[in-house]
Amino acid sequence: MKTMTSGKTTSEQDEPEKHPAEIVRPLRLSNGRPLIAFGRWWWAAPGMILVFLIHFVATLTGGYFAFTDYTGIGSFQFIGLANFVRIAQDPAVVGVIGTTIFYALIQMVGTTVLGLLFALGLNRGLKSRHVLRALVFLPLALSPLAVSYIWKYVFQYDGLLNESLLQLGLGDLRRTWLGDPDTALWTVAVVILWQGTGLAMVIFLAGLSRVSPEVEEAAALDRANQWQKFWHVTLPALRPSIGIVTMLGLIFGLRLFDPILAMTGGGPVNSSKNLALLVYQEAFSRGNFGYGAALSMVLTVIILFFAILQQFITRNRDV
Amino acid sequence: MNMNNHRHNLRSGAAVAAMALCVPLLGGCSTATEASGLDDTITFAYPAIANSNTWETMAESYEEQTGAKVEVEAIPIDGYNSALSTRLQGGNAPDMFLTEPGTNGVGTGVTTLGEADLLGEVTGAATDLINPDELAAYSVDGKAYGFPLWTVPKTAVTIDSNLEALGGKWPETIDEMLAMCTAAKGQNLSFTLGQFGNPFTADGQTLLVATSSVYAKDPDWDEKRARNEVTFSDTEGWHYALQTVSDMFSAGCYQDGAEAAAGEFLADVMAGVTPPLASLSTGEADIWKVLADALPAEGFSVQAFPGQTAENRRVINSVKYTVSSSAASEKDEAIQAYIDWLVEPSQRQQIAELTGGIPAGELNEETLPEVYAPIGKFVTDDQVISEPGLGIWPDAVLQAMQEGVPGLFTGQKTVDQILGDMDAAFDA
C-alpha cells in the first residue's frame, strides 16, 4: 500500500533519482519541434479524403443520375425532373411506399416491444438466462439473406409450416403463404421480427443494467406493485435505450431488402414489395438506372423524415 | 544508439525488405506471363449452372485441334449479367462471352451492349446463322454483334412415365388439356409445372398459348403492333392466352402452391426423385437434358404445347444465348479464328449435344435429336416460329406480363388490366 509523505508516494521515494543524462528526451529539430510528431491533423487526411470520395462523391453522383435517363450501360441524357414526375404518376409506387412504411413500423414497434419483453424476462433471476439471451441474439449473427432463404423453406407450400399443420390435423389451414397477398407481407414481418429482436433485447439489457436495485427496493418498500415499479422506475431509465431501439428499427425497416428478395420477390403483384426492392429491380434488373436513382432519393427523403420524426418523439432522453 | 534511432532503423529495414520482396514477385509475375505465351490465349466467359461444362469441352477440343488456347471463365449465373456489364464498362471484360439476343434488361442483351459500342462486330460465316427474321435482335445500325450456335425450342417436355399414367396421349388442344388437368389431379399428378415465383414462368406460359391464339393466325402481329395497327387490348388472341393461363390455374393444371413456387422441384429431381408432373412447359426445352442426367431411368419427349385448335399449334424456336466478343479486346485474329472454328457444323453439333439443344442454322426434321422427334412434323410443315416480341417489344412489356399474370390467380388483376399494362409499356 502506498502512503503519501510530503506530496510523494513511498514507491516514488524508493526509486533512486535519475541523472539528467539518463533521461531520454525526444529528438527535436533545430526549430524546437519534435523529429517525429504524433497526432498531426493531416494524418487523418487520407482517411477523410477516402470517406469523402467513397461516401459523399459516390452519393452525390448517384443523386445526379436521378435526373438522367441512364440505363446502366452506355451514354445518358439529362432529363430534369422527368423521373420524379413518373414516380408521382405511378400508382404502384404509392402502394410500394405504403408497404415500406408498414415494414418500418412493424420492425420499429415489434422489435421494441419484443426486445423489451425478452430483456425484462432475461434480466435477472433466471438461471438459464445467459443461454436464452444467446439464443435470442443468435439470429442477428446470421446472414440475413441466408436465413431468409431458410425461412422460405418454412413458408413454401410443401414447407415446414404446412407440413406441421398437416401433421397436427390442421390441414385445412394450409395455404400458399408466400403467394397470397394477404399473408406474403406477414411472412416477411415474421422474419424481420425474428431477426431484429435480439439486438433490441441487448440494448434494453444494457439499459436495465443502469436501473439501480436500491431504487427498485425503495419502490418495493413503498409498496409499489410490479407494474408501478416498471412504469415509474424501469421505463424512465430505459428512455435512452428506447430511443436507440426505435431509431434502429425504423431505419432497418425502411431499408429492408434481403428477406423480401429471398422470400417473395416483392410479389404477388407488388403486394410485399418495398422501395428498396423496387430501386434494386428498376436499377439492376430492368436497366432503368436513372429511375432507380430517383426512387432511391425518394427513399432517402422518407428515411430522413421518419428519422427526424422519431427523434422529435423520443427527444427527451434524460432520465 | 538510442531507442528512437533503433525503431527508425527497424522501420526502414522493414520497408526495404518489403520492397525487396515485392519487386521480384511482381517481376516474376510479368516474366511468367510472357513466358507462357498468354498473349495468344483468349478468354471466354459463360453463365455457369451445375453440371455444365460445354465451353470447357469446346476449349479443350479447340486446343487439341489447333494448339490455340481458350481460357474459360464460368461466372455463376445469378451474377452473370452484372459481372459482364461491369467488366465491359470497366474495360476488363473477357475476350468472348455469351450474350442474349435483343435488349433483355441490363448486362447481356446484344443490342443493349451493341448500342453502347461495347461489342465487336460479327462478320463472316457466323452471320449466316442468324435468322434473317430476327436480325433486329442481333444488330445495331446494320452491324451484327452476336450470333447463335444452338437453338432451343420453347415448348413442353413430357415425363413419359407420368404421361403414360394419364393415358399416354399428349393433348392437342387447350380444351383437351384442361380436361386432362382435372384427371391428373385425381391421380396425384399435375399436368405441368408452375413456378410463378419466377418471373419467366408467367410470360413463358402465356406466350406458349399465344403461339396458337395470336401468331398462328397473324404471323406479322408484332410488326403490326410496332406500327400501332393493333394493340394487346384489342386482340382477341391475347385475351384468350391470358384467360387460358388463368383457367389452367383454376383447373389444377399446376401443382399446389404454383403461384409462389420458384424452382423447388429441382432439389427433388437432383436427389433422384421423379416429380409428380406430366410435363414442364415454361422455359426452354433443354431442361430435358438436366432431367435426363438426374433421372436416367426416365424417358422424356419434347412436344408441341396444346393449341387453341390442333391445327393452330406452333413451336417457338428460341435462341437462348448468343456469342459475342468485347470491342476492347485486341485479340481480333484469335477471336475470329475461334469463331470460325465454332461455327463449323461439327462444332455446332457437339455444342447442341452438350447443351441438349439443336444446332443453329437451317432446321431439318431428319437431323433433329431423338428427344425432339415429336416436333419434327412442325419443322417439316414450317410451323416453327420465332420468339414473340424478339427485338420488337420493349422489355417492359414482358415485365408487365410477368408481374400481372400471378395477379390473375390471386384476384389482384384482370385480363383487361394486364393487357392495358402491356400496351402502356409498349407505348412508353
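Placement of Cβ uses the backbone N, Cα and C atoms for every residue, glycine included.
Under the heading compositional bias 'Polar residues', TrEMBL lists A:1-10.
The feature domain 'ABC transmembrane type-1' is assigned by TrEMBL to A:97-310.
Summarising the annotation, TrEMBL assigns region 'Disordered' to A:1-21.
As annotated by TrEMBL, transmembrane segment applies to A:41-67 (among others). Beyond the transmembrane segment (A:41-67), the same-chain residues lying 6 or more positions past its ends with a Cβ under 8 Å from any Cβ of the stretch are 76, 78-81, 83-84, 289-290, 293-294, 296-297.
Long-range contacts of the transmembrane segment (A:101-122) within the same chain, counting only residues at least 6 positions beyond its ends with a Cβ under 8 Å from a Cβ of the stretch, are 129, 132-133, 136, 185, 188-189, 192-193, 196-205, 207-208, 230, 234, 238, 242, 245-246, 249-250, 252-254, 256, 274, 302, 306, 310. Annotated transmembrane segment per TrEMBL: A:101-122 (among others), in sequence order.
Sequence-distant contacts of the transmembrane segment (A:134-151) (same chain, at least 6 residues past either end, Cβ-Cβ under 8 Å): 118, 122, 187, 190-191, 194-199, 201-202, 258-259, 261-263. The transmembrane segment annotation in TrEMBL covers A:134-151 (among others).
Marked as transmembrane segment by TrEMBL: A:184-209 (among others). For the transmembrane segment (A:184-209), same-chain residues at least 6 beyond its ends with a Cβ under 8 Å from one of its own Cβ atoms are 99, 102-103, 106-107, 110-112, 114-116, 118-120, 122-123, 133, 136-140, 142, 144, 147-148, 151, 155, 177-178, 234, 237-238, 240-242, 244-245, 248-249, 252-253, 256, 259-260, 263-264, 267-268, 271-272.
Taken from TrEMBL, the feature transmembrane segment applies to A:230-254 (among others).
What TrEMBL lists as transmembrane segment is A:289-309 (among others). For the transmembrane segment (A:289-309), the residues of the chain that approach it from at least six positions outside its boundaries are 62-63, 65-72, 76, 79, 83-84, 86-87, 93, 97, 100-101, 104, 247, 250-251, 254-255, 275-276, 278-283, judged by C-beta separation under 8 angstroms.
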